């Protein structure tokens, strides 16, 4: 994966092929799943000096950009205290949020979302009491 470079050298990943640029929110597959990025981010500066994502998703910019505001949890420190600015723990968006690409999967995937798992074969959802049996 690294090629001939040593560990002390950094490589640049290839550009994301066929990135999704639909700007349409995707449904989430499980509770607490971070939303995926529904637009191109190639060329976005996201480092200790600047965060291009905040030009649209910051609380003060959402009316102008019409982008969703980042979650209020992103303004909390690890002790649960609210901050005036984005928490340093949440500053690097792509630790959790990732762009999508219109590609075929490289490996098989048998993931089943929780709603599908809870449905019985007759199409009704099980109650918590029924699941305990």
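The backbone N, Cα and C atoms fix where each Cβ goes, and this holds for glycine too.
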Taking 1-26, 27-52 as the choices, which stretch does TrEMBL tie to region 'Disordered'? 1-26
Starting from the Cβ centroid of 39, 53, 56, 57, which together make up the recorded heme c 1 site, report each further residue of the same chain whose Cβ lies within 8 Å of that point, ordered by sequence. 37, 52, 54, 55, 65, 67
For the heme c 2 site made of 74, 93, 96, 97, how many Å separate the two farthest Cα atoms? 13
Rounded Cα separation (Å) that holds between residue 96 (heme c 2 binding site) and residue 39 (heme c 1 binding site): 15
